[in-house]
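Peer 1: Structure in structure tokens, see below.
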Amino acid sequence: MTEKRTSILICEDDRLMAEIAEQVLSDDTCELTVVENGALAIDELRKRAYDLVITDAVMPERSGLEVTTFIRRHQRLNTPVLMLSGISDLKYVREAKERGVNDFLSKPFSAERLRRKVSQLLKKNLFVSSGLVV
């Protein structure tokens with residue numbers, strides 16, 4: 001019997017950053033979908049739900065905040081969202097948290113930091129989904 005692979009949507013307009021994230025997270029346990037803007041991310045999210053969404057904050061067509069708002073309105077509320085950003089403005093971070101972003105990763109980031117954030121969000125979501133955490 002085949003185990004379900006973790007589905008991750010990566011939404012990043014910077015090709016190099018997208019490739020780095022894809023390389024870091026590529027293994028037999030993850031099914032990755034990579035898109036280059038927020039509009040394409042929303043198109044993907046209309047097709048299916050993901051276990052985790054990683055989105056850039058600033059992108060063409062739709063921002064990471066718009067992608068997060070779509071997820072919170074139309075998907076499962078517990079889908080974790082990790083925002084990649086070069087923005088360190090506290091007002092922006094506060095707004096993103098209010099819209100449903102679970103965590104941030106500042107650019108540039110190390111492979112280890114990305115792996116750790118993804119692992120933490122997926123573990124936390126597993127507990128929430130199973131009802132072990134209220």
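Cβ from N, Cα, C; glycine included.
What you are looking at is a predicted structure, and each value in this text was computed from that prediction instead of being measured.
The following feature annotations were taken from TrEMBL:
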type	residues	note
DOMAIN	7-122	domain 'Response regulatory'
MOD_RES	Asp56	4-aspartylphosphate
Peer 1: Using Cβ-Cβ distances, find the residues under 8 Å from the residue listed as '4-aspartylphosphate' that belong to the same chain and are at least 6 apart in sequence, listing them in sequence order.
Peer 2: Cys11, Glu12, Asp13, Asp14, Met17, Gly64, Met83, Leu84, Ser85
Peer 1: Suppose you look only at the domain 'Response regulatory' (7-122); what would the mean pLDDT be?
Peer 2: 91
Peer 1: With DSSP, how much of the domain 'Response regulatory' (7-122) is helix, how much strand and how much coil, in residues?
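Peer 2: Per-class counts: 54 helix, 25 strand, 37 coil.
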